[in-house]
Amino acid sequence: RSWGEIVTTIPTIGFNVETVEYKNISFTVWDVGGQDKIRPLWRHYFQNTQGLIFVVDSNDRDRVVEARDELHRMLNEDELRDAVLLVFANKQDLPNAMNAAEITDKLGLHSLRQRHWYIQSTCATSGEGLYEGLDWLSNNIASKG
């Protein structure tokens, strides 16, 4: 499906796996979902991961702390030590959404001293910001590869 297509999502149980070709780079996208019960399963997908896209609901102030804890827990995994990090601050179209600077602060991104990271404001329903983020990711994975 195209990036711009509006997709109705139900909370992800289990995994969707897609391969997305972009600028001659093949991204294997594991949509692992955010359900507590399956988070312990995430680590099975970490091996050989060169880049991580972490999508945050910018409108969900209640769960941003949870998102931060989960992100840092994940980044502490040995298999992810070399992975670059792209954060999509999603749902920027909503009036009360936190902006990228606020998300950066709340996720503690500046504390990631050894990590190459980037945050991109996005609106997945319109596709806004997605390609900019993928450009950064493809350039930075390519330069490390």
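Just so you know, glycine gets a Cβ as well, placed from its N, Cα and C.
As written in TrEMBL, here are the features:
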- THR12: Mg(2+) binding site (BINDING)
- GLY34, ASN90, LYS91, GLN92, ASP93: GTP binding site (BINDING)
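With respect to Cβ neighbours within 10 Å, the binding-site residues ASN90, GLN92 differ, and GLN92 shows the lowest count. Annotation for ASP93 (GTP binding site): spatial neighbours CYS123, THR125, SER126, GLU128, criterion Cβ-Cβ under 8 Å with sequence separation of six or more. Note: LYS91 (GTP binding site) has non-local neighbours ASP57, SER58, ASN59, ALA97, CYS123, ALA124, i.e. same-chain residues 6+ apart with C-beta under 8 A of its own C-beta. Look at GLN92 (GTP binding site): DSSP puts it in coil.
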